[in-house]
Amino acid sequence: MVELLHSIKAHNDKAWSVSVHPTLPIIATASTDKSTKLYKLSTKQKFPLVAELEDTHKRSIRSVAFKPPLGGVDAPKLDFLDLPALAAGSFDSTISVWGIDEPDVEYDIDEVVANQKEILTSPNNEWNLMAIIEGHENEVKAVDWNFQGQYLASCSRDKTVWIWETDPETLEEFECVAVLNDHSQDVKNVSWHPSMNILASSSYDDTIRIYQQDIAGDEWSCVGILNGHEGTVWCSKFESFKSPTADSSILRLVSASDDLSVRIWVAKREEEEDKPELPSSIKHTKEMVWEVESVLPAVHKYPVYSVAWSSLTGKIASAGSDGKIVVYSEAEKGKWVIDSVHEGSHGVHEINCVIWAQLDDENEILVSAGDDGYVNLWNV
């Protein structure tokens, strides 16, 4: 059962995207109104506004993404303050990077680290613009950080995927280390694997592309093409190895499309040693062969814009143009069933994004963003 927990009137225009910080109870939103807003996921505090980031982009902000903690979510706890940071991609073709400055005053580091969920989500923190990244020729459609915060991926209507490298501790400079031109049309979404340096991109050309570095760590290239959708692929997300349904020997990915379907793909690897005829430029890259494992039960009547895969339960949520939020669970390997369907989740408006999140009490919820400018929080 999907039940409304809370509704936030976040924006005066379309809410495009929501990002959840991997370790802090905080979300960021993106909107046509050119602003990004941050809210704390606290029922006791009634989901307060933490920060409003504006007056930077000239056009719609299409995507936001929080940088993961240093070393990744599963890294040992740090004995210093790991300050949160956020990237925002805009239709003005640029990406902004925001962060909190470390306090100038002296403080007890042990106390701050122990209470960072409260301290780092306080509305008293000042979020500052740290960088503006330029390179794309047209609208930036999506941004996403890799699991260690070293790489930021972006995609655009210019048909390209860019990978930017930075020092995750300082975020002082962003160097473009790859421009990937494999798609023939507008690229709608990019998404990193939760614990591997593998990137997926989804496109108006009806395909999903998978990218990885060569073994030497020098070049990024396309190592897999997922064909099967009969319309624009709006979104794709990898399954986390933390998921109770995950198999660590394979990779799985869920995708959402204009063709009304939600699909699960599974990867099988081929070693390049078996392909001596390949050019030397990709000789040391592992090719991934992907197959459709299953097509989830048909529910949506209009294009599906967003999917999310829970690392806690293994459940998948989808949402899109028909205003439905659908939750699926895996009854047995490769066999999915519908858990619940919620109609009119944003009234008569389309849903642009759905994502799993944890409240400050660690209960898992769904968060959706719609054309009505609302961000809705759902108990599942």
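Yeah, the Cβs are placed from backbone N, Cα and C, and that goes for glycine too.
Pulled from Swiss-Prot:
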- 10-49: repeat 'WD 1' (REPEAT)
- 56-108: repeat 'WD 2' (REPEAT)
- 135-175: repeat 'WD 3' (REPEAT)
- 182-221: repeat 'WD 4' (REPEAT)
- 228-275: repeat 'WD 5' (REPEAT)
- 299-338: repeat 'WD 6' (REPEAT)
- 346-380: repeat 'WD 7' (REPEAT)
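DSSP assignment over the repeat 'WD 5' (228-275) gives 3 helix, 22 strand, 23 coil. Sequence-distant contacts of the repeat 'WD 4' (182-221) (same chain, six or more residues past either end, CB-CB distance under 8 Å): 72-74, 141-147, 151, 153-157, 159-161, 163, 227, 229-238, 240-242, 251, 253, 255, 257, 265, 267, 281-282, 284-286, 288, 290, 311.
With a cut-off of 8 Å between Cβ atoms, the residues of this chain six or more beyond the repeat 'WD 7' (346-380) that come close are 1-20, 25, 27, 29, 31, 33, 39-44, 47, 117, 305-313, 315, 317-325, 327, 339-340. The average pLDDT the prediction assigns to the repeat 'WD 6' (299-338) is 98. Mapped onto DSSP classes, the repeat 'WD 4' (182-221) shows 0 helix, 20 strand, 20 coil.
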